[in-house]
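Colleague: Structure in C-alpha cells, see below.
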Amino acid sequence: MNAYEYYRTLHPEISKDDYETFIDKYRGSDEEVEDLKKFYIEQAGDVKGLLENIIASRNEDKDRLISKIEELIKKGELEKFKKFDQTKKKVKLLQEEADEAAKEEDKMKKAKANRKRTEGGPESFGDLEKMILAKRDNAFGGFMNYMENKYGGDEEGEEEEAPPKKRGGRKRTLQDIGEGKQ
C-alpha cells in the first residue's frame, strides 16, 4: 500500500452528493445554531460578516439567520448588543442595494444589446478582430506609400543612378584658375 492509498483509507474522497447531504443536515441544525451564537458573541453583535462565517450560507439565508439570532435574544440565550441593531439595518440595506444594482445591471445589458443591434456594430469578437486588422493593414499600406513617394519605389527593371561623387581636396579659386593650375 502506497502513501496515497493509505491516505484515502483514512480520508475518503468527498463527492458533490456528500457535500449536498452535509449542507442539508447542517442548515437549521443545533451545530449551525452553536456556530451562529459563537459568531454573534465574537463579533459583539456585528452581523456584517455573517455569511462569510457561517458554513454554506447564501444571500437567501441572511433573513433566516438574523431572525434566528433575534429568537435567541428573546429566549435569553444571547445578550442583545447595540451593534446588532445597527448592523442588522445595514445588512438589510446592503441587500436592497444589491437587488437594485442587479436590476440596473440587467437594464444596462439590455440597453447595450439594443444599441449594438441598432448601430450595426460588431456582433462578435471575430468581427471586431477583422475591423482591427483591416485598420492596421490600411495604416501600414499608407505608411508604405508615403515611404515610396519620399524615397522612391522598388520597381523592377529600374535602377537608380548613383549620385555623383564629390571630389575631395581644396576649392579652386580664381587665382588658381588664372595661374593655370588644375
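Any Cβ shown, glycine's included, is placed from N, Cα and C.
The model shown is predicted, which means the values in this text are computed figures rather than measured ones.
What TrEMBL lists as domain 'DNAJC9 HTH' is 26-92. Residues or ranges marked as region 'Disordered' in TrEMBL: 98-125, 147-182.
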Colleague: Within the domain 'DNAJC9 HTH' (26-92), how many residues are helix, strand or coil going by DSSP?
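Modeller: Final tally across the stretch: 46 helix, 0 strand, 21 coil.
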Colleague: So what's the mean pLDDT when you look at the domain 'DNAJC9 HTH' (26-92)?
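Modeller: In the predicted model, the domain 'DNAJC9 HTH' (26-92) has a mean pLDDT of 81.
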